[in-house]
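First the structure, in the form of structure tokens, and then the observations on it.
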Amino acid sequence: MSRRLLVLILVVTLAFSGILMAKTTLVMWDQLAATEDIVKMFNEKMKAEGKDIEVKLELIPYDQMVPKFMAALSAGIAPDLYGMDLVQFPFFISIGAFTDITEWAKELPFFDELTKGMLEIGMKDDRIYGLPYQIDLSTMLWNKGLFEEAGLDPEQPPQTWYELVEMGQKLTVDKDGDGIIDQWGFNLAGGGAGAYMFWFMPFVWGNGGRMFDDEGNVALDSYETVQALQFWADLVHKHKIAPVSSVQYGSGDRYNAFVSGKLAMFLGGNFNITSLLQDAPDMEFGVAMIPKNRGEFASFGGGSLLGITSQSKNVEAAKEFMEFAFSEEAQVGAFAPSLQLVARPSLYDNEYYKDIPQMMRFADILGIAQTPYTVKYNEIYDPVGYYFESVFLGQMDAETAVRECTKEIEKILAE
Amino acid sequence: MKQKTRKGLFGFIFLLPVIVMISIFFIYPLIKVVLMSFQEWKIMGGSSFVGLSNYKKALVDDEFWKTLWNTVIYAIIVTPMIFVPAVLLANALKKTSRSTKIFRTIFFIPYAISFVAASYIWQWIYNDSYGILNYILISLNLIGQPINWLGQTWLSRVMVSIMVAWKTLGFTMIIVIAGLQGISPQIYEAASIDGAEKSQVFRYITLPLLRPTLVLALILSLAGSFKAFDHFYIMTKGGPLKTTETIVMYINKIGFEFYDIGFGSAVSVIFLGILLLISYLQLKAGGFQNE
């Protein structure tokens, strides 16, 4: 009898341990190739620790990021972990697509380090749903060689709007005297609302303006915004330091012009550094803050947040991965070598960045990064793109554009 | 009789893979889109039927009409730009020889490139500060200042159409060549015995006999033009000021950027209706009725 019981207990224990031993496979979606290394490191670590957790990564192309997620959510097969463009987060949090990780996140040893502005994008009603994982900051790069040629101090990029115009005029040159400009001082960051948000909003912020007030109401209709819009239009039409065509340029157009020495000051970001070091190994370039006027220096904090979706059945394992993804081992081991920005400011002091002075600048820029919060981010793109472009093309005055744009955004937010 | 059934069964078995594929990847999504167009569709479940309200919303939406109009204009511009050179080239290259084979291949190669890659290539060509087109025109003293090819509404429509014509005319050319080769040489022989002139041969023999082929090519090309997305998305991003935003870009925007799947589906269904109507009219005009 007791023997039978013993056997029974043994069988039951074995069966349960079988379940416990069953492999936990986490599916992760992300856009960043460097994440592959983090996943590899994590899987090896789990193996070494004898834990049966494995992460499978699927790299999702940027333009498929939302459609694929929508399809997966509605089919109930969303990944466990998703590193998604942060501006999309508020909407997906609002429909309940992500798991609340507040208590766990606040206990993380590095929690206080995370960039506050970007962290807030992953929050709703003081609850946390995602952590800033991939960081992209808007900034201005300048070609030191071209500054020297123009008789400017190659170590002094413009700090203010006034200096931007003054230096820009010296840097806009017709080299062979045929009446055609061969080198431009500046390019607007054109090509749609996404670019305007990322590179134009820092001009609004740098002039003391803002997009939303603390209650989430549109606060765009201000003298500060009007002035910033007018300033960009003037760069093209009045000061003539940027070509009209740059209103429609994508970032690739601007990048190509900068690499080929046809553009002296370039609105770019940290994501340009690796390719610039490869494409233009001889070019001396610096990373500057986007020039300001009456406000403070500003940068748009873009990139992605990492969150656990509400359809994940392995939340605990997913948390284990998340904690690892933000560890020094993962961040410095996987992000830093490819000059991806590390998510924790304390890790900037690493062996990969130390020989590249441009990278060190981003520690300061990270501190001034802002991201507007709205669940209707994509919808406000529409009026922003249309009215701002109208001003830059010289087809509408800035005051009317800001007024109309604000009206439309208000309408969208009210719906 | 028995053999006939067996034959029929075999035929069905051979068709089965296609039927399954079309059912899964075309019929089912189509039914789903129609259903969703009557719903206020929620990503996380809990969608509700809202009757015709998505359709009503589409018909009073300015941007729907504007993007439809942009698409129609583009189709009107691009179709002759593909067709005229394609038919001329087909006529010149219809006889098979070593040299025509080489030229056919050369004209067909761009078709094998994806629209995305082609759009980026041409965006570089058109760029005003480092693009080769402006460089050549300036070197030849044809223009004084570089032209911003994609910066103005009409110009950008034409310039994008040039890219599309370059990319797709090879395909139309091949279809037309196949059609030309299908015309029996005996008919031409008979015509020449009757003393018909070259222009008469083209007008009374080639064109009428080529009509089915031309209609097919035209339907494919027009449907393709109406579905334009990638090239405008990349080359003009719908600009300047949304004047080159096509209806598919609009559908993509409503569905996947504004997350309004129900409304996006309704616009898709309306658009499908428009495409069906155009194809029907073309078939009718091409004399395909009851054949």
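Keep in mind that glycine also has a Cβ here, set from the backbone N, Cα and C atoms.
A TrEMBL annotation is a machine prediction, not a hand-curated record.
Copied over from TrEMBL:
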- B:68-282: domain 'ABC transmembrane type-1' (DOMAIN)
- B:12-31: transmembrane segment (TRANSMEM)
- B:72-93: transmembrane segment (TRANSMEM)
- B:105-126: transmembrane segment (TRANSMEM)
- B:132-151: transmembrane segment (TRANSMEM)
- B:158-180: transmembrane segment (TRANSMEM)
- B:209-229: transmembrane segment (TRANSMEM)
- B:258-281: transmembrane segment (TRANSMEM)
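Within the same chain, residues 33-34, 36-41, 43, 47, 50, 54-55, 57-59, 64, 68, 219, 222-223, 226, 247-248, 250-252 sit at least 6 positions outside the transmembrane segment (B:258-281) and bring their C-beta atoms closer than 8 Å to a C-beta of that stretch. The transmembrane segment (B:72-93) makes no contact with the transmembrane segment (B:132-151), as judged by fewer than three Cβ pairs under 8 Å among residues 6 or more apart in sequence. Across B:12-31, B:132-151, B:158-180, the stretch most heavily in contact with the transmembrane segment (B:105-126), judged by Cβ pairs under 8 Å, is B:158-180.
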